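Trainee: What follows is a structure written as structure tokens; I'll ask about it next.
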Amino acid sequence: MEGGVPDADISAFRECLSLSWKNPYILRLAFSAGIGGLLFGYDTGVISGALLYIRDDFKDVERKTWLQEAIVSTAIAGAIIGAAFGGWMNDRFGRRKSILLADTLFLVGSVIMAAATSSPILIVGRVFVGLGVGMASMASPLYISETSPARVRGALVALNSFLITGGQFLSYLINLAFTKAPGTWRWMLGVAALPAVIQAVLMFTLPESPRWLFRKGREEEAKVILRKIYPSSDVENEIQALRDSVALEMKEVDPSDKISIIKLLKTKSVRRGLCAGMGLQFFQQFTGINTVMYYSPTIVQLAGFASNQTALLLSLITSGLNAFGSIVSIYFIDKTGRKKLALLSLCGCVLSLALLTATFRQTETHSPMISSIETSYFNNTCSDFSKAVNPVEWDCMKCLKAECGFCASGSNKLLPGACLSPDAAPKALCLKDHRAWYTKGCPSKMGWLAIVALALYIIFFSPGMGTVPWVVNSEIYPLRYRGICGGIASTTCWVSNLVVSQTFLTLTVAIGTAWTFMLFGVVALVGIFFVLIFVPETKGVPMEEVEQMLEERALHLKFWQRRSAPQKG
């Protein structure tokens with residue numbers, strides 16, 4: 001069967017590296033499709049920095065939190081539609097054409113955003129980019145999975161996850177590079193057009209997925225590709241395995257039948273696979289990762305770092321750790337296994353989120369007080385502070401909740417400062433006096449600990465929950481249902497992403513940043529039990545045997561014990 005089940009002592013990571021001289025064609029396929037992951041990551045990361053400068057150019061965005069959330073989340077809404085439509089398109093027209101369409105949408109969206117003259121036009125561009133992101137999020141890993149030998153399949157799909165995080169890291173570098181350039185955010189958002197064009201050119205020179213070709217009866221085309229992927233000693237066995245798999249599928253299901261949700265749910269292996277795949281995507285998002293990626297500079301400002309440049313620089317560190325974690329996952333995904341990696345990741349996330357909760361709670365309850373003397377010095381007092389019955393009880397957090405700005409003391413940021421009107425004039429006076437201006441978070445001696453906790457969260461999340469859901473979803477479904485089920489799982493990911501990103505800033509205002517991170521921690525804790533009970537280990541299992549494994553699997557709490565491979569009939 002496809003690649004067989006590899007020996008546990010063989011490092012798939014080393015095997016993957018050896019492809020660079022043994023069979024570079026496989027890496028060419030993986031890297032070309034993986035540019036879709038790079039675009040996915042770039043769009044995720046770039047908006048977090050661009051938003052800081054969009055707020056300066058469009059005053060309606062500065063004043064309205066919901067509009068900031070809309071600029072972020074409309075791309076996600078587009079991704080939901082793109083993922084749902086992409087599942088059907090992947091099955092109907094193939095993986096390659098789906099990736100090409102995603103590139104076209106990326107290109108159009110990037111041009112619209114770069115040229116936007118108002119927030120509504122910017123949102124239209126975000127929708128186009130979102131459609132491309134949604135299609136790429138499932139088409140790229142699916143293409144890589146179906147053009148990779150079993151023993152390095154996990155590592156190569158993890159490469160797609162690395163390129164996602166690499167795209168996020170690149171976006172922060174681009175953001176920093178253009179902070180002083182005219183047009184700032186326009187350059188940040190427009191640069192995405194370049195990799196989209198590069199991938200489109202590369203994909204025109206590459207073949208379709210051999211598994212999809214077999215499914216469509218184009219065996220001769222598929223054989224040509226398989227002979228390039230597998231060594232001559234294995235290729236005939238692989239061709240026969242794929243032929244048998246498709247033949248069995250055609251025998252069991254009339255190919256003229258349309259796939260329906262009822263039919264999916266009635267098929268035990270598909271139902272169990274969807275439960276695991278959709279659940280992993282749900283917990284990936286509701287542990288809060290994309291609030292960190294979309295709002296990372298804002299979170300840094302909430303921790304007490306006022307400067308846009310400082311916020312972007314510190315966010316670059318967390319993004320770099322995210323990319324590093326993806327490299328680690330390429331090594332461990334086929335060595336440690338998908339399930340163990342997800343569990344270790346979630347346990348680390350729970351601890352990190354607990355530390356974030358404690359740190360932000362300390363920051364919120366011990367912020368600098370408001371000094372009436374300092375405030376009167378500027379003659380631009382916050383109207384709510386002027387009307388306050390007990391102004392001596394006001395601190396920085398209360399000032400910010402009144403939608404005013406906090407001007408820190410010049411000698412020491414932790415000393416009492418001024419609560420001023422949030423307009424541009426008081427901000428300019430504060431900065432002219434060589435003081436720090438805060439509108440998102442307050443100065444704190446614990447701010448550095450929040451950054452450490454954020455970094456730990458990324459270190460734990462990235463190698464496990466950042467990669468495992470995509471790898472599992474690329475290999476857990478039977479061939480006939482792979483495209484549609486992948487689309488359903490990707491849609492779950494983007495719907496969850498939309499809910500989290502659309503509510504994050506609102507939650508931080510309503511219940512505070514500390515309790516918002518606590519909610520994510522509770523979800524991560526529930527996720528541990530979900531993975532223990534519902535997610536099977538697909539490490540090293542040939543795709544043709546995954547369906548049999550799902551038919552036979554039972555509750556498996558002893559996750560540290562390796563499950564034996566399914567028995568061949």
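Positions of Cβ are set from backbone N, Cα and C atoms, glycine also.
Marked as domain 'Major facilitator superfamily (MFS) profile' by TrEMBL: 29-539. Under the heading transmembrane segment, TrEMBL lists 29-54, 66-88, 100-117, 123-144, 156-178, 184-206, 273-296, 311-334, 341-360, 447-472, 484-505, 511-535.
For the listed features, I'd like the structural context: burial, neighbours, distances.
Mentor: Residues 36, 39, 43, 82, 86, 89, 124-133, 135-136, 139, 186-187, 189-193, 196-197, 199-200, 203-204 of the same chain sit 6 or more residues outside the transmembrane segment (100-117) yet have a Cβ under 8 Å from a Cβ within it.
Distant neighbours of the transmembrane segment (156-178): 16, 26, 30-31, 33-46, 48-50, 140-141, 144-145, 148, 184-185, 187-188, 191, 293, 309, 312-313, 315-316, 319-320, 322-323, 325-327, 329-330, 333, 462, 466-467, 470-471, 474-475; these residues of the same chain sit at least 6 beyond its ends, with a Cβ under 8 Å from one of its Cβ atoms.
Beyond its flanks by at least six residues, the transmembrane segment (341-360) meets 280, 283, 287-288, 302-303, 329, 332-333, 446, 449-450, 452-454, 456-457, 459-461, 463-468, 512-515, 517-518, 520-521, 524-525, 527-528, 531-532, 535, 559 of its own chain at Cβ-Cβ distances under 8 Å.
Sequence-distant contacts of the transmembrane segment (447-472) (same chain, at least 6 residues past either end, Cβ-Cβ under 8 Å): 141, 154, 157-158, 160-161, 164-165, 276-277, 280-281, 283-284, 287, 289, 292, 296, 299-300, 303-305, 314, 317-318, 321-326, 328-329, 332-333, 338, 341-349, 351-353, 355-356, 359-360, 363, 489, 493, 527, 535, 538.
Counting residues 6+ beyond its ends, the transmembrane segment (484-505) has Cβ neighbours under 8 Å at 65, 68-70, 72-73, 76-77, 79-80, 82-88, 90-91, 134, 137-138, 142, 259, 264, 270, 273-274, 277-278, 280-282, 284-286, 288, 290-291, 294-295, 298, 469, 473-474, 477, 516 in the same chain.
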Trainee: Can you check how the pLDDT averages out over the domain 'Major facilitator superfamily (MFS) profile' (29-539)?
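Mentor: Mean pLDDT, the domain 'Major facilitator superfamily (MFS) profile' (29-539): 83.
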Trainee: Are there three or more C-beta pairs under 8 angstroms joining the transmembrane segment (311-334) and the transmembrane segment (273-296), sequence spacing 6 or more?
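Mentor: By the criterion, they touch.
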